[in-house]
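Peer 1: Shown below is the structure under consideration.
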């Protein structure tokens, strides 16, 4: 009988990261997915990154994950979103060639040390004494294991809706999983329904681009991965068009036929990525909505019209599309649809992504209530790391709100849960100026090195970068000009007769890297790995970062105050019954987590701290 230490079920974005992370830690790992072309499948939009999402990708890369490197092998339209705003909200994004992305992912995974791939369907999991024992395939065969990571995406009791038509499926032309849903229910997990959707696909050869707006990418693509020196994939343009009043009229007239508005769908859809029906209803005063026409590949004429996700009947979809400028004569290749599926209340898992009910069972991705490739991948890498570390009897790996967007996401999910698809935003992070895309490796790679999940190649690149940062920082502190010389150059500084270094100049409003290079041409040679830009940001926002670091220190002190797993909150005096019940239900692991639970008062936190100091001499326990 086959046996693996870790088995990952599902080969989507969460699954591939989980499997690769487990394998990198030297643990024999099996990835089970339905078919080869499922590996890294982009079920919805052909793009990676975006605002906050791009930071997640960079953090995954910092831990030696796959997503950033793979998109650099397949990216055909790179664009830094929000670049006119502050660096805390910059969002690196890349349009992907679907075929190239899947090809690159397949080549990496099929040659990955310690990783085997099995193409098949898991029907059930075997559990004994609340511990994982094995997976059972639909052909009846059994594979033994110590840990299971469920990354099932939209496959748990998945149901596609196109108008009144219902199609049981986890994705188009792929059957759903009922067995795993039933098993999770029998175990006692709280399952609910969520919904997501996708727009129709259209033929780019039938679009009149003269009626659209050109959207070029960045002149020089900025890679996602620290392993990528330069993006060698050909770059192409995207285009923008809009809906019209006629489009809106057709949608309003047919709302009763929409699966979403007819009451046919139980699941709640993503608030921040609404269907076109939702947009027309919720934003009824808007005269138009933008649609981004995104090519799906270099040699693929399929266009993804980002912005018109819908569950309307096919004939209505055809009708409304032809009211959009440039799409009057377009050919629809595949209708849009909504899909609803089961997910587990993420409060059922710990911050390691292991379930609280079953030892050795980990959940990652949409099964935890999230939406988006990047959110799924971020969970996948953490689940894979922790499953492997548990096999090796090593301490778990836990990111926090203070050091990563991944940590923010996991803390949000495990503390608050979610009743709608959770999407990452910069606004969810209290420390977003410190948690930028450009410093992801400086925040996380060393943590990954400490547990052995980072390759030797990345270690060398990271070590070299850290050395270069110190050298360039020293240079910036050496190069200087007098205030009088700066004034002659038109740079406004206080005329105090002192010398101003480049780092001093970076703090001046409207002074930028380009000006520094113009004044000191030798700095042009230091632009490798964007180090100069990084140091510019650190200098420009130094005072804000100092204050934020103080806040982070306070946060970390509370996160370090552990709460015993078996603490009886009903024995703590001066806490109301309501709060005692809430704490008993949530079982917070630290004072910091307890403070973030809705409804927990500062007085209750004080009472817990005093009680712990009285009961436990060191104020903490496991």
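One is the number of the first residue shown, and numbering goes on along the chain from there.
Note: Cβ is positioned from N, Cα and C throughout, glycine not excepted.
As the structure is a computational prediction, the values presented were derived from the model and not from experiment.
From Swiss-Prot, for reference:
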type	residues	note
BINDING	10, 11, 12, 13, 14, 15, 122, 177, 366	FAD binding site
BINDING	269-283	NAD(+) binding site
Peer 1: Work out how many Å separate residue 273 (NAD(+) binding site) and residue 366 (FAD binding site) at their Cα atoms, rounded off.
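Peer 2: On Cα coordinates alone, these residues lie 15 Å apart.
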Peer 1: Could you give the Cα-Cα distance between residue 122 (FAD binding site) and residue 279 (NAD(+) binding site), in whole Å?
Peer 2: 38
Peer 1: Of all the binding-site residues given, namely 269, 275, 279, which is spatially nearest to residue 366 (FAD binding site) at the Cα level?
Peer 2: 269
Peer 1: Under 8 Å between C-beta atoms and at least six apart in sequence, can you list the same-chain neighbours of residue 283 (NAD(+) binding site), or say none if there are none?
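Peer 2: Set apart from residue 283 (NAD(+) binding site) by at least 6 residues yet with Cβ under 8 Å, we have 289.
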Peer 1: Near residue 14 (FAD binding site), which residues of its chain come within a Cβ-Cβ distance under 8 Å, counting only those 6 or more away in sequence?
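Peer 2: Residues satisfying the criterion: 151, 153, 364, 365, 366, 376, 377, 379, 380, 383.
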Peer 1: In whole Å, how far is residue 269 (NAD(+) binding site) from residue 10 (FAD binding site) when you measure between their Cα atoms?
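Peer 2: Residue 10 (FAD binding site) to residue 269 (NAD(+) binding site), Cα-Cα distance: 22 Å.
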Peer 1: Please determine which of the binding-site residues listed here (10, 12, 269) has the lowest count of neighbouring CB atoms within 10 Å.
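Peer 2: The binding-site residues 10, 12, 269 were compared, and 269 has the fewest Cβ atoms within 10 Å.
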Peer 1: If I take the alpha carbons of residue 275 (NAD(+) binding site) and residue 12 (FAD binding site), what is the distance between them in whole Å?
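Peer 2: Spelling it out, the Cα of residue 275 (NAD(+) binding site) and the Cα of residue 12 (FAD binding site) are 23 Å apart.
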Peer 1: Just to verify: the residue among 275, 366 with the fewest other Cβ atoms within 10 Å, which of the binding-site residues is it?
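Peer 2: Fewest other Cβ atoms within 10 Å, among the binding-site residues 275, 366, is found for 275.
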